[in-house]
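Asks: So that we are looking at the same thing, I have put the structure below in structure tokens.
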Amino acid sequence: VKNSSALSEFILLGLSSDPYIQAILFVLLLLIYLLTLMGNFLMLLVITADSNLHTPMYFFLRQLSFLDLCHSSVTAPKMLENMLSESKTIFVESCFAQAFFVFATGGTEACLLAAMAYDRYVAISSPLLYGQVMSNQLCVGLMWFSWGLAFVDALINILLAVNLDFCEEQTIPHFSCELSSLFPLSCSDTSANFTLLLCSSVFHFFGTLVMIVSSYVRIVSTILKVSSTTGRSKAFSTCSSHLTTVILFYSSGFISYLLPTSGSSLEMIFSLQYSVITPMLNPLIYSLKNKEVKAAMARIFRKYFN
């Protein structure tokens, strides 16, 4: 038995052991990561530079883009490095740090999506009071609450995990370090860790999901009271991007965090979607489906390139 201080590194098995498949995956995932960086940096630039987008909705969208940059950058660089390396190792301290930031950024995004759902509810149900209700003070408060709650929760889970003793088996059947992947390697009793992780995951995923569903029930109820078809269509279109993001985040996140870790191909695919693919898709969803973002991009392009 080795404790976490004596054990120096873990081995990440990654997505495949076949060198040919690894080479293909490396090129594909590098391209996805670069698109993630460019897409989210572009969203940050457009929202910051265009004064027409300085509204509560785009305040939260800017936070989402920053979160997606952070979330993908926690796992993607090490995953790409290991695809080119024969050892595929990660230091124990780095592994715990990665697990912490994966949990923290994921939890923050769940809270942020709930805040964005409330923002859409206020915008549709009380448009005349929207600016007054969704004040800058409230938006900043919701942002800091989301970050603070998720980071405290992640810190509690990690502090309990670093006291575990680990066996000679150092291989993690995954491409990144997550708490659910580390617990099976421990020789200690992990029942308290599993219970804490389950409670945290249920709180972040189901707690925020209940708030999102509640907001959308009220949104649908309000929209159905609108007499004109055009008004209904416009109201639904303002929610479509956020709803798409919610479905992508919660469907893959649920399988990644709440189902038992097995190292199966299906589990890897959903983890990959949660940590790498969804952050790439979010800026595309919000730019392609949003006329205001496309108009802002056009204005910035004309200003700097004409």
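Backbone N, Cα and C atoms are what each Cβ position is placed from, and that goes for glycine too.
Automated prediction, rather than curation, is the source of TrEMBL annotations.
As annotated by TrEMBL, domain 'G-protein coupled receptors family 1 profile' applies to 39-286. Annotation comment: TrEMBL describes 20-47, 138-160, 194-217, 238-259, 271-288 as transmembrane segment.
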Asks: Which of 20-47, 138-160, 194-217 shares the most C-beta pairs under 8 angstroms with the transmembrane segment (271-288)?
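Replies: By Cβ pairs under 8 Å, 20-47 leads among 20-47, 138-160, 194-217.
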Asks: The domain 'G-protein coupled receptors family 1 profile' (39-286): mean pLDDT?
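Replies: When the pLDDT values over the domain 'G-protein coupled receptors family 1 profile' (39-286) are averaged, the result is 86.
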